[in-house]
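For B:68, B:70, B:217, B:305, the entry in TrEMBL reads Zn(2+) binding site. Marked as substrate binding site by TrEMBL: B:97, B:190, B:220, B:305. TrEMBL lists B:60-408 with the feature domain 'Amidohydrolase-related'.
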C-alpha cells in the first residue's frame, strides 16, 4: 500500500494507552494523520512509503505541547532577572513592551520562539500575547500547531484600546483562522487582577458560543490572592466561579495558591491547570500543588511561560523540573514519575487546549505530531528504561526530527520551514535596539 | 612572544574578580597555565601562539567543578527511579554494585562519566567510589582533573574487606598519584551512618597529616538524622564535631537538615557544603538551605551526585536548578542570582576541594581549565547579559571547546582524548549484562 511516510524506530512511546513502550515498531503516516503503529517487520512488508526514516537509536514520542507561553516575548529573553513578579512586570517588562511591541516585534519574536520550540521537540503551543493574528499567521506559515490566545486586558496596548476592541479584534482572528487545521483559538483574559467583571462575563458567553477554551493566569502569587481579598473580599478563583468561568473550558495557569476546597472545586468543574514550574521558581511566585491536583483528578498540563521569565522554551527541562520538584515538595520520590511527566507534557496539554482528538498521543486517526529523540549518545547510555531516560537524562538537544501533521519541520536538527540565519539576523537587530534603550534607562 | 595557545572570545567571565564580564578579550596560555587575560586587539600584537582559536560568538568561563559524584555509577544510570533513598540503595543500587563492581566496571563507568562531563563543560570532579586507583588512572589518562576519594565504609566490598584495608589501600592511592598535576585525593568516609567512630578518628588524624580534605555525605535525609538521634542520642553533625571532623578540611555533601546553630557551627569551622539539588529532589531527600548557608558565609559548592540518582552529570542543569530552587524555597527571586550560581559551580568548588590555587577561576597563574560556550544559537538569542544567559538559557550542548591544564579535551564538541565509539561499545556490553540480570530478579 502506498503511503506518505513510514518511520521505523527503536522505541515508540505512544503515551495513550498508558505505560506502554513499543520496541522495534513503526508509524505509518498518510494525509497528515497516523494510519497505524505496527511492528517494523510487518510495516516493511505492508507499506510502500514515499518517505522512509530509519531511527535505530531513537524513541518516538508525541510532539510536546507547551500549554502556556508568550511567544513574542522571546525578544526580551534575559532582559531582567532575579526580580519579583510585580517589579519585573512594572519596572522592566511592561515598559519594554510599551516601547517595542508592534506587529513586527510579534512576528519576529514568534518566529524565534517557534524555531526554538521545534528544535526542542515542541509541536504545539498555547499562546497569550498581543497581535494574535500575527502569531497565527507566523505559526501557520511555519507549519506549527498553535492555540492562539485572543488577549483581553483592562489597559490599552498597540493591539487594542479597550475591552470592546480586544474582543472585537479577537473574534475576527477566530473567524479568519476557522478553517486552518493547525490553528485554533482560546479567549485569553490576562489575569483576574487585570480584567474587570464586565469583559469577563462577555468572555464566558462568547466562549460558550464559539466552544473555545479560556486561557488565563490565575493565582500566580500569594500577593495576587491577598490583594484581591483585601480589595474585593474574595479570592480570585471564587470571583471567577461566581462569574461562571470555572468550568471545563477554563485553562488556569500557575495556580500556586490553592486550598483543599479550591482543588475540589477545580476537579468537579473539569477545569485544567497549567503548571509552569521554572517560571514560578524563577520569579519566586510559589509552588503549584501538582501532587495534590493529580490525586484529586485535575488535568495538569505543563508550560514554559515566556522566555522572558524562564529563560527558555524547553519542554524537556520543564518535564524534568516538574518531576523533580513534585518529589521534593511532597517528600515522596514516587510523585510525578517519569511517565506522568511525559503525559503532562503531551496528552494532558492537548486535553487542556481542547484538541485531544487531534494530538497529544500517538494513536491511529490523530494528526502525525511526532518527535524523534536520539538516545544513542554518551549522555543517555546505558539505557534501562526509555521513559526514565527521556525525562531524567535527555535534553532537547537530542531531538533529531519533528513532524507536525505529517510535515517534517526538523530534519536531523535542521529547520525545514524557517530560515535560521534570517531569524538570527532579525533577532540581532532587535537585540541592539532594545539593549541601547535599556542602557539609556539604567543610566538616566 | 611565542606561547602555546591564544583564545579570542566575544566574552570572558573570569568569576574572580566577581561580577566582571570582559568583552572582546583573549586568554594567553603557556605551559598549561593562564599567562594573562587581555584585550584581543593587544593580544594579537603581543603573542605568537602555536594554537589560536577565534570564538566570536562564545563566552569563556572557568571549567565547571562537579564537587560530588560517583563516576563509576554511570553504568547504573536510570536502573531504578522514583524511589526513596534507602529503598533505592538497599533494594537496587547496593545489590547491583555487589553483583557488578570490579576494576573493569569502575574503569568503564568512569570513562563514560568523564566523556559526559567533558562534553558538558566540567573539567574537574570530586569522586567517591570503589577502586579509586582506577578512577585516578582513567582520569589522568583522559587529561581530566579529579579529586579522588579514598573511600571508607563499614561493610566489605570488592575494593577492601575492612577499615584497615580501606585506609591502607587509600593511602597507597594517595602516594601513587602524589606527583600527578591533575589528580589529588581526599578521604571519603561514606556517611555517618555507614562509618564507625574508630575509623573516623583515624581519618581525622591522617587527613591532618596528609593535608587533604574529607569528603562525606552528611545529613542527606531527615531519616538519617532521626535514626542517629534515636540510636546515638546525637545528630550526626554533632558526632562528627566531637570526633574532630568539623573543620575547614570537611566537605559535607547534601546537608538537607540543618538548624541555625549547625549553620553557625559550619560557618565558624570553615567547612564547605556541597549542594546536589537534583539528586536531593529526585530522591525526595529534603532541601539544603542554600540561601541561609550563603548568608552565614559558608562556602557552598555544587555537585550532580552520581548518574544513578540524577540521572545525568550536567553541571549547567545543576547551576540552573540551584538558582531556581533557592528562589522558590526562600520566596526571594534575588536569592542565588546567576553570578552566584556560576561561582558555586566553579570557584566555590575549587575552594571546597582545596585546589583553589590551581583552578576555579580564569586568573593569571592558575591552570588553564577553560570552557567555551557558543551563545550564538536561536536558543540563546537575543543576549542582554551573558551570565544570565549561561545560567538561565544555555545548556551543556552549547559547550564547544574544553581545555584542562591547557590541553584541549573537547574540540568542536568532539572528544580528543577518549574514544567515543569504544566507550559506547563497552557501555552497551554492560547494559545488556546488567539488564538481563535485573530482569531475572524482577521476575524471581
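Cβ atoms are placed via backbone N, Cα and C, with glycine included.
A map of TrEMBL features onto the structure.
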| residue | record | contacts (Cβ under 8 Å, 6+ apart) |
| --- | --- | --- |
| B:68 | Zn(2+) binding site | B:126, B:128, B:215, B:251, B:253, B:274, B:276, B:301, B:303, B:304, B:305 |
| B:70 | Zn(2+) binding site | B:127, B:128, B:129, B:305, B:306, B:308 |
| B:97 | substrate binding site | B:76, B:130, B:157 |
| B:190 | substrate binding site | B:128, B:151, B:152, B:153, B:216, B:217 |
| B:220 | substrate binding site | B:85, B:191, B:253, B:254, B:256, B:280, B:285, B:286 |
Three-state secondary structure, residue B:220 (substrate binding site) (per DSSP): coil
DSSP-derived class (H/G/I helix, E/B strand, else coil) of residue B:97 (substrate binding site): helix
Least buried by Cβ count (within 10 Å) of the binding-site residues B:217, B:305: B:217
Three-state secondary structure, which DSSP defines for residue B:190 (substrate binding site): coil
Remaining residues near the recorded Zn(2+) site, that is with C-beta within 8 Å of the centroid of the site residues B:68, B:70, B:217, B:305: B:69, B:128, B:253, B:254, B:274, B:276, B:279, B:303, B:306, B:309
Maximum Cα-Cα separation in Å among residues B:97, B:190, B:220, B:305, which the record lists as binding substrate: 20
DSSP three-state assignment for residue B:70 (Zn(2+) binding site): coil
